[in-house]
Every structure is written in structure tokens, then in C-alpha cells.
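First up is the structure itself, then whatever we jot down about it.
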Amino acid sequence: EIEKDLDDVLREGDFDAIDQTVTPKTLARCKTNTLIKSFQVNKALRDLANGANPEGDDIEQLEKSIGEFTSALIDPLKADADTRNTFKSCLDDVVEKAIETKQKKFICHPVVYNLLNSRWYRSFFHVRKESWWTPKRWGYFFLNLWTVFDIVFFPFLFAIFFVVHLVKRALRRKRENEICFVLTLGKDTSEKEFILMKRTINYIVGEYGCHSAKYCVVLHEDYKIIGKEGWSTEAALPGWIDPLQLPNSTTSLANDLMVTRDAFTNQTRREEAKKVVVLFLNDSLRKVEANTERLPSLVKEIEDMQVNIVPVGIGEYAKLSELNKMATKDGTARHFGEYESPETLGTAVIQAIEGKNIYEKYKDYFTTPYFIFFRDTLSYLTFLGLHFAICLSPSSIAFTRLEWAILVFFLGRVLMEVDQFIKKAGMKAPKGQQETNEAGEDNILLKMLRNYFRSAWNVLDFIILVFYLITFILRIITWKNSIDVSGNRLLAVSEYFYGFIAMFLTPRAFGQVIERLRGMGAIQIALFFVIWDVMAIFSQFLAMIIAFSLAMTKVYLSEKAYTSGKDSVEDLVCSDSGIICWWNMAKHHGWSLLGLVDLDSLNSVDNPSVSLIHVLYSFFLIMAVVFLVHMMVALLSNTYQQVQDNSLQEWSFMRAITARTYITYHPIPVPFNLLSVPLIVLWNLCRKCSCRTWCDTPASLEGGRRGKRWTTWCIKNEEGRRLANQIVRQVFRPRGNKEEKLAFGQRAWYDSPGITVDGCLLTYKGPDSCKTCKEGKPRNIHSAKFKSPFTPETPRFEVLIQETGERRIAALGAVHESYDCHKMPGWYSGTVGYHIDDGKIFETGFHELGKKVEGAMAYRGDLIACEVDFSGVPEEVSVLFSLNGREVACCSLEYTEGNKLFPFVSLGFEGITVLTKVCLKE
């Protein structure tokens with residue numbers, strides 16, 4: 001209901017209603033994820049601001065605030081690697097939504113920028129930055145050179161490396177292995193996580209086999225081993241693992257490790273066996289082990305037994321930094337979402353145990369988006385080279401070898417674009433996510449087209465393919481029906497189109513490479529923006545040409561009638577029909593803009609008519625050449641400067657579009673994809689029919705995976721609450737020219753023992769940080785007093801409750817300057833206070849117990865305010881308290897200019913944080 005009301009308000013476009021409705025609290029209460037909803041609201045506000053709206057400036061300011069709302073969400077991830085790793089699991093989906101709604105500021109945020117870079121380079125992200133003195137850096141350099149040759153040799157290398165992979169896989173199944181699977185589960189383990197762990201175990205055992213390997217499973221149930229030491233056949237394993245039930249009791253990681261240690265101690269020793277512990281965790285160490293100090297010694301004991309520990313985190317609560325501490329020297333920690341497939345998770349675990357073989361390393365390199373982009377660029381350059389050659393070749397009726405080669409590339413390019421179109425069409429919002437009801441959103445085809453054509457390079461690709469389709473049809477006709485090149489207009493037109501294709505293919509081949517470079521890329525992006533401005537100016541030029549050409553045509557036609565029957569009629573400028581005369585004038589004016597015509601062509605027989613023509617032509621040159629050309633230069637300069645001022649945002653946004661394109665791009669370049677794409681489609685159909693995957697297909701769960709990842713990322717976990725608080729903090733602080741002059745930060749408050757001030761954020765620290773409490777009796781109540789008193793210009797003070805801790809002991813009020821900071825407002829005469837924990841107002845006559853007000857208790861996310869009305873009776877003011885814009889109480893208080901009233905905020909329990917802001921009079 002809240003989200004529907006928000007959408008309705010945005011659709012109606014009334015700024016006052018929008019300003020009241022679009023708040024952090026409203027966004028957080030929407031059914032759609034807060035981050036995604038913020039994207040949608042930001043786009044809706046931008047569309048309103050760009051439209052014919054008289055309140056466009058105010059809407060634009062609100063739109064910028066929402067932009068800060070979204071980008072501020074990522075700020076805490078700069079220093080929090082674990083949360084950043086959680087966010088990385090849903091990065092593709094969030095970036096896709098950000099691109100769709102044009103969140104350029106969000107895209108250029110350092111965290112998003114670096115994570116996109118890591119997705120672009122994958123395992124080579126750090127290698128490319130290493131010193132040139134290291135072998136890895138030179139290896140990366142030669143790998144870039146090898147890509148040029150790899151575009152031809154990759155089929156043979158893949159075949160060879162795949163055979164090596166199969167041989168190593170067979171040898172692995174014959175090698176002696178002892179693998180212990182430890183499932184240490186948190187209190188709130190979901191059935192989905194538990195099923196994923198069981199099926200991953202099934203997959204790993206299936207890969208290692210059962211003939212020379214022994215396994216055990218440690219699953220907490222009174223701290224005993226559940227399972228057998230070995231199985232005679234792989235078929236017996238699923239029947240034993242699958243019936244395992246999710247334990248109801250809590251677990252202890254230390255106890256699980258002790259059981260694991262004993263299992264290896266009691267095992268019959270096989271010196272040649274590879275010993276491994278696969279440790280599944282789905283929560284932080286503090287949640288699964290009360291005494292974490294025992295863990296390092298247990299890990300060391302297991303490692304001394306020549307056992308390799310491979311920690312695997314499942315779900316959003318597992319922390320990669322903690323998993324890395326649990327890994328032994330030869331182990332590598334892994335972290336995955338609970339909606340990952342068992343095949344992916346199992347393969348990653350095996351690679352952590354065995355390391356990647358040459359086939360897996362080559363596959364990793366081959367599917368890295370950066371190298372896919374590299375190969376695709378080489379393919380385009382080859383395609384351009386073929387057109388360069390055909391542009392220099394003479395025309396012929398029969399198809400030449402060059403044309404056959406171009407046809408093969410064309411078919412490969414069509415297949416690549418279709419594959420890309422389908423993949424972009426599949427990037428839909430997850431189930432249950434409501435979206436703004438934009439025009440055309442209900443039309444699937446329009447959405448598919450919009451997703452595809454949002455990249456300028458896809459537009460160029462489409463134009464090139466359309467031109468080639470026309471060329472190919474014309475060539476088929478000429479090949480079938482023509483016998484001679486001479487006088488063959490259809491053949492000539494088809495050859496023209498080859499030139500047009502080469503013209504569009506050149507910026508396509510080089511432009512995308514230039515765009516990847518920061519400096520040149522920003523200039524190229526500015527050029528694209530300038531082109532749109534030129535189109536707008538061109539329409540003005542066209543209107544001017546039509547206007548003056550019509551006037552001058554009428555003069556010439558009048559002259560023609562006036563001089564009819566005279567000998568000089570042959571010297572008329574317009575001796576033809578009216579439409580031809582007008583067309584000649586329009587062409588003359590068009591070329592005049594480029595300075596390619598002179599006045600002699602305007603001279604005719606009748607001198608008055610010629611004089612009038614010269615006057616009109618002069619006005620045309622003044623209007624078109626002087627005014628419009630100079631206006632165009634000014635407009636283009638302004639556009640270019642705007643793009644340059646926001647060059648990082650514009651460049652990062654275009655770069656993100658390219659990255660998202662090649663992350664899902666088919667890795668095998670044109671024209672080799674003519675073989676690979678059909679084979680992959682056939683393989684996927686066979687897999688689907690054989691039902692070998694753990695659930696219908698991985699794709700069938702993709703919507704659920706994406707929805708779960710981005711829904712839980714910043715909503716359900718504690719880290720998410722902190723991230724949301726950062727958003728509110730950025731948006732809640734004073735904005736605008738007047739507001740920025742208001743007192744803000746530590747300098748705006750008197751010394752506040754027991755409370756820390758950070759910008760507009762007040763955090764309860766308690767007696768430990770209070771000097772008075774340390775020297776005397778500790779007290780729980782600590783308060784902060786604002787230095788600037790209430791005045792007729794600044795009569796209002798707002799407090800947004802960010803966190804409440806276990807108890808909501810907090811209050812807002814008005815006090816005199818000497819009020820004790822260890823008391824709450826309203827406890828003593830001359831003060832008033834609004835206490836949120838019990839919803840009471842403390843004022844004159846109610847200083848001890850307070851006055852109960854119905855519906856006045858406030859909670860996390862609520863906005864309370866204290867406003868002093870100075871327009872009342874002399875020496876007395878009214879103090880109004882409100883909750884989320886609704887008046888809660890109105891109190892009377894004695895007031896003199898010598899005894900000013902100050903905003904006063906009291907906090908009384910650990911974990912309470914509030915945001916504060918003084919407001920100007922409306």
C-alpha cells in the first residue's frame with residue numbers, strides 16, 4: 001500500500017505531495033528493496049524535472065538528494081571487506097538496475113567502480129597492477145599479445161587442454177583421499193542452505209569417487225559423527241546423505257573441530273592419502289563459537305596432522321575474512337550465496353583442494369570479460385579490413401571471395417547480436433519486485449528493445465546489419481539477373497552500401513576501444529552529446545531555409561509573371577515550375593550555410609525584384625549564419641563543458657554498460673561462434689532433458705537468486721541496517737544555500753560527555769566516556785545541548801531516530817543554558833521534554849511523572865520535532881512536539897530574551913543513535 005501510494009504521487013507530479021511522501025522512511029517501508037526503489041524514484045523525479053514542470057528546480061534538487069541517498073549506501077563498504085564481498089554477489093543485478101535507471105553517480109562510486117573492475121579483469125585484477133619486476137606482470141603482458149594469435153588457435157588448445165583435464169580427473173578418482181565434511185550451522189540456518197550443502201557433498205564425492213577415497217560427515221547432534229567412513233559405490237551416497245535432517249540444536253565450531261581431529265586420529269593411517277576438511281559455515285564465528293580463542297590451536301593441531309582445511313561460507317552472514325583465518329597453508333577459503341548451484345560450489349571446493357589445472361586456468365582466461373572484449377575488437381578489425389579491401393576492389397557480377405568472407409562474418413555477427421539481445425531481454429526484475437509503471441513496461445518486446453538499444457554500439461551494430469541485409473538482397477538480385485557491370489544501377493547501389501557499411505564500421509571498431517581510455521573516452525562521450533545538440537540546431541536551420549526559400553521563390557515567380565512577353569525572359573533565375581524553383585532556392589540556401597555559393601546566381605532581370613532578393617538573402621545570412629551558428633557554437637561549448645565537468649560519471653556509466661555487455665557476452669569471437677553457439681544450445685537442451693542438475697535448471701532459479709540476493713543484502717542483516725543508516729545520515733543533513741550556513745557538526749554543540757558527535761549524528765557512549773561519571777557516581781542519562789538557541793528564524797529542531805538499542809530511552813526538548821547534561825528535558829521547571837520510550841510529555845505540572853499522550857511512542861526510523869512558536873503571548877511561548885509530521889502535544893513555557901531556550905537531546909542506553917537538524921522557518 002505504501003509503495004502504491006508513492007508510485008501514485010510520483011505519477012501525478014505534484015511537488016508538495018512528492019516532497020512530503022519521498023522520505024527515507026517511506027523508501028525503507030516499500031515492498032521493493034530500498035536500493036532498487038530509490039533507483040526508480042530517482043529516475044521518476046529526473047523525468048519530471050526534465051519535463052515541462054514549473055517546479056523543475058525543486059524536483060531536480062530532490063532528485064539529487066535521492067542520488068546521494070543511493071550512493072551513500074555504499075560508503076561503509078570502503079572499509080568493510082566482508083560486507084563488500086556480500087554486495088559483490090549481487091553486483092551484476094544492482095548495476096543492471098542502476099544502468100536501466102541511469103544512476104551515474106552511483107555507478108562512479110569508488111566501491112562500485114572497483115568491483116566492476118574486478119568483474120572486468122576477474123583473476124587478473126591484481127596481476128595487472130604488479131611490478132614489472134615480477135613474472136606475473138610479464139605473464140599478463142604476453143597473455144595480451146597471445147590473444148592476437150589465440151583468436152585462431154583456441155579451438156586446438158581447448159581440445160588439448162580438455163583431454164588433459166579428463167586425464168587428471170581420472171587420476172584423481174584413483175588417488176587415495178580422506179575427506180571430512182564439517183557442517184557447522186548457525187541458529188537461523190535455512191532449509192535452502194542445508195540442502196545446498198548436502199548436494200554439494202554429493203557432487204564432490206561423485207567427482208572423487210568411492211573406490212580409493214574415504215569420507216565422513218560431521219553434523220552437530222550431541223557432538224557425534226553422523227555418517228560412515230566410506231562407501232563402496234557412488235550410488236549409495238545420495239541415499240545416505242539426502243535423508244539427513246536439519247538439526248534443531250545449536251552448534252559449536254570448536255566441538256565440531258575436535259570431533260574432526262579425533263576422526264583423523266582414529267583413522268587407519270594411509271601415508272599417501274590426501275587429507276582434507278571441507279568446513280561449511282553459514283554464520284560468523286562469534287555466532288557459532290562463544291570462545292573463539294580456542295579455534296587457532298585446534299586449526300593448528302589439525303594442520304600438524306597434514307590435514308588441509310578448506311573453509312566454505314554459505315549465505316550472507318558468513319564472513320570471508322574469518323574464513324581466511326580458518327584456512328590452513330594449502331587451503332583457500334570460498335564464499336557463496338545460498339542460491340548458488342551445487343556444481344559451481346563443488347567445483348570451487350575441488351579447485352581449492354587441488355588447485356586449477358591448465359584447462360581450468362585457460363577457461364578462466366578465455367571467459368574473462370576483458371579478453372572477450374579484446375577478441376571481439378580483433379574480430380571487428382578483421383571485419384573492417386575485409387570492407388577496406390572490398391572498397392578498393394572493382395565491381396563484379398559474381399560473388400568474390402571477399403564477399404563470401406564478409407557473408408560468413410555477417411552471419412556470425414547476426415548470431416552474436418541475437419544471443420546478446422536474448423540475454424539482455426532475460427535481465428528482468430526478480431519475482432515479487434514491483435517496479436514503477438513506466439510507459440511500455442507491459443510490452444515485453446519494447447522492454448527487450450530498450451535493453452538492447454541503450455548501448456550506442458548496439459545501435460551501430462543494428463544499422464550495419466540492416467545495411468548489409470539490403471546489400472545482400474541487391475547482390476542476390478544482380479547475381480541472378482545481370483550479365484554486365486556496365487549500366488547496372490542495382491549493382492552500383494549495392495556497392496554504395498558496402499561503402500556505407502565501412503563508414504559505420506570504422507567508428508564501431510575503434511570507438512569502443514577509445515571509450516575504455518579515461519581521457520579520450522570522455523571526449524568521445526562529449527562528442528555523442530554534441531551530436532544530439534546539433535540535431536536540435538539543425539531543425540532550426542531547416543526551418544530558416546524553408547522560410548526564406550519560400551519568400552524568395554514567390555518573388556521570382558512574381559518577377560516571371562511581370563516580365564512575361566519580354567525578350568529578357570530567358571535570363572530569369574526561375575524559369576521553371578514553382579516547385580522546381582523552390583527546390584533550387586532551398587538547395588542554394590543550404591549550400592550558403594557552408595559558404596559554397598555566391599550572389600551571382602541570384603541575379604535576375606527585374607532590378608527591384610533582385611534588390612528584394614538581396615535583402616531577403618542578407619536577412620537569411622544574418623539569421624542563419626550569424627545568429628544560429630554562433631548559438632550552435634555556444635550551445636555545443638556548454639554541452640561539452642557540462643560533460644567534461646561530469647566526465648568521471650559519464651565515462652564510468654558508459655564503461656559500466658560495456659562491462660555489463662561483455663560479462664554476459666559469448667566468449668568465442670565471430671565467425672567461430674557459428675559453430676560454438678549451436679553446440680552450446682544443443683548441450684543445454686541435452687542437460688535439461690537429462691535432468692542432471694539439482695533443480696530443473698540453474699536458469700530457472702536465476703530470478704529467485706537475484707531477488708534473494710539483492711533483497712537480503714541491505715534489508716535483513718545487521719550490516720544492511722548500518723548501510724541504510726548511512727543513507728539517512730547523508731540525506732538528513734542540512735541542504736541548500738541557506739541551510740549550509742546553519743551550525744553543523746561538533747562545533748554546533750556544547751561539550752556533551754557520554755555522547756559523541758559526528759556531523760549530524762549523535763551516538764550514545766555512556767559513563768565510560770564521561771569524565772564526570774568516572775570521577776563520581778556513574779549515570780546512564782547523557783545529553784547534548786545545541787549552542788544556537790531557538791529563534792524566530794530557526795524555531796524548529798528535528799531528530800531522526802536511527803537506532804534504539806535494546807531500550808528506547810531518548811528525549812527531545814527545550815531547556816535553559818545551564819541545564820544539567822545528566823538530566824532529561826522536562827524534569828525541572830523552565831523546561832519541556834518529549835520522551836519517546838513511554839510517549840510522555842514532561843512540562844509544567846508534570847515534571848515528575850509526565851503526561852501520557854496516546855500514540856506518542858516513537859521507534860527506529862521515526863522523526864520527532866520540537867518547534868517554538870514566538871508569536872504567542874509576551875513572555876510566554878508555545879512549544880510544539882510532533883511525530884512524523886503529526887502534532888503530539890503543545891506546551892506553554894515562560895520565556896524572556898535573557899533566558900533563552902536551547903534544543904536538548906537526551907540518550908540513555910547503549911546502541912542509541914539519532915540524527916539531528918535545526919530548521920529555518922518555512
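Yeah, the Cβs are placed from backbone N, Cα and C, and that goes for glycine too.
Database features, via TrEMBL:
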type     : residues : note
TRANSMEM : 138-167  : transmembrane segment
DOMAIN   : 178-353  : domain 'VWFA'
TRANSMEM : 378-398  : transmembrane segment
TRANSMEM : 404-422  : transmembrane segment
TRANSMEM : 456-477  : transmembrane segment
TRANSMEM : 497-514  : transmembrane segment
TRANSMEM : 526-552  : transmembrane segment
TRANSMEM : 612-636  : transmembrane segment
TRANSMEM : 662-683  : transmembrane segment
Quick one: find which recorded stretch in 456-477, 612-636, 662-683 has the most Cβ pairs under 8 Å with the transmembrane segment (138-167). 662-683
Who are the chain neighbours of the transmembrane segment (404-422) in space, where the CB to CB distance is under 8 Å and they lie at least 6 residues beyond its ends? 379, 382-383, 386-387, 390, 448, 452, 458, 461-462, 464-465, 468, 472, 661, 664-666, 670-674, 677
Is it the case that the transmembrane segment (497-514) and the transmembrane segment (662-683) touch, counting contact as three or more CB pairs under 8 Å in which the residues of each pair are 6 or more positions apart? no
Do any residues, 6 or more residues outside the transmembrane segment (456-477), come within under 8 Å Cβ-to-Cβ of it, and if so which ones? 399, 403, 406-407, 410, 413-414, 417, 420, 490-491, 493-494, 497-498, 500-501, 504-505, 507-508, 511-512, 528, 658, 661
Short question: which residues 6 or more past the ends of the transmembrane segment (378-398) have a Cβ under 8 Å from it? 147-148, 151, 405-406, 409, 413, 478-479, 482-485, 488, 491-492, 495, 498-499, 501-502, 505-506, 508-509, 669-671
Express the predicted model's confidence over the domain 'VWFA' (178-353) as a mean pLDDT, rounded to an integer. 81
